[in-house]
């Protein structure tokens with residue numbers, strides 16, 4: 001099964017001009033020691049200027065300056081803490097719960113005294129999530145989270161756009177859920193806040209540069225180089241009694257093989273894949289994928305992403321839903337990966353996957369985020385100085401067969 005996936009991905013990448021350069025066109029640098037050594041952040045900006053100026057046209061200068069400016073954050077309320085007290089404190093800062101506001105404004109108005117018709121089930125947002133942000137144009141910062149009276153941190157500071165894939169997943173009580181790529185922990189924590197997972201199956205969470213997952217009725221995470229950040233999130237936000245009861249465990253599996261290990265198993269799957277992490281790549285030298293030594297790894301990202309999405313879809317029950325997400329602007333890592341994985345599964349497994357429209361979702365949250373208007377499939381939050389969240393791409397799919 002894995003061999004079929006790899007072979008199919010390679011064929012797809014060849015069609016997308018990822019083929020090896022013919023030997024007669026190769027150029028060997030003889031004087032590599034004298035080549036200028038630019039920092040990875042500068043290489044990232046050069047790469048983005050070349051590719052995104054073409055992809056986004058007149059929008060790129062605005063996106064560029066926003067990416068280079070200070071990022072805006074949201075405060076995800078920890079439901080394991082004294083949440084009412086935390087929410088009141090955040091409201092005193094003049095922050096607002098953008099999830100609550102969007103959902104309340106998005107509810108259909110009853111007509112002529114009649115009860116409003118319910119929205120389609122596919123429109124439902126994952127419940128029990130509270131995330132506070134400052135209004136558009138307000139560049140205020142949240143104070144660092146504090147340890148609350150219940151022994152866990154009150155809230156988690158994150159790019160608020162990172163919550164959108166979790167909301168789009170539409171978790172319902174009793175769902176079995178797989179989080180295929182859990183690091184560094186923000187979306188993982190958001191999934192835990194919904195309280196929707198069926199205990200008998202629990203949560204399956206993985207993380208890593210080659211993300212992994214495992215599930216045996218518990219919430220599970222995998223090890224990766226530097227797993228301390230995810231471990232810190234768990235210990236800081238999840239109560240000890242839950243960890244002590246083995247409801248949260250750390251494991252190590254290869255997420256690309258998850259379709260073989262647990263095929264046709266899950267109601268909901270989140271596939272938040274490793275990507276070029278555009279904003280991080282412009283600001284941090286550490287673990288920057290634009291380092292010269294990581295060039296091949298960067299070029300192979302679309303293959304890895306297709307493999308992970310295909311594994312996530314294979315692990316989903318027929319009728320189940322998958323959300324694919326990245327924090328990259330690149331259509332090669334976004335729409336092309338979605339389309340490539342769907343084509344791959346159709347040809348190799350005769351599996352039908354349907355992309356679900358998220359236009360209603362964009363309308364719900366357009367007061368908080370700036371969306372790119374021309375995505376072929378899925379939705380893309382683009383950085384904007386008035387609402388400097390993202391980038392965040394997400395696409396919802398339903399496995400039909």
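Backbone N, Cα and C define each Cβ position, glycine as well.
TrEMBL entries are annotated by machine, without manual review.
Record features, source TrEMBL:
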type	residues	note
ACT_SITE	327	active site, nucleophile
BINDING	181, 182, 183, 184, 185, 186, 187, 254, 272	S-adenosyl-L-methionine binding site
DOMAIN	79-400	domain 'SAM-dependent MTase RsmB/NOP-type'
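The average pLDDT computed over the domain 'SAM-dependent MTase RsmB/NOP-type' (79-400) stands at 85.
Taking the Cβ of residue 181 (S-adenosyl-L-methionine binding site) as centre and 10 Å as the limit, one finds 27 other Cβ atoms among all the protein chains shown. Between the C-alpha atoms of residue 183 (S-adenosyl-L-methionine binding site) and the residue listed as 'active site, nucleophile', the distance comes to 13 Å. Distances between the Cα of the residue listed as 'active site, nucleophile' and those of the binding-site residues 181, 185, 187, 272 are shortest for 272. The Cβ of residue 187 (S-adenosyl-L-methionine binding site) lies under 8 Å from the Cβ of 162, 163, 165, 166, 179, 270, 272, 325, each of which sits 6+ residues away along the same chain. A sphere of 10 angstroms centred on the C-beta of residue 327 (active site, nucleophile) encloses 23 other C-beta atoms. When the record's S-adenosyl-L-methionine-binding residues 181, 182, 183, 184, 185, 186, 187, 254, 272 are compared pairwise by CA position, the greatest distance found is 20 Å.
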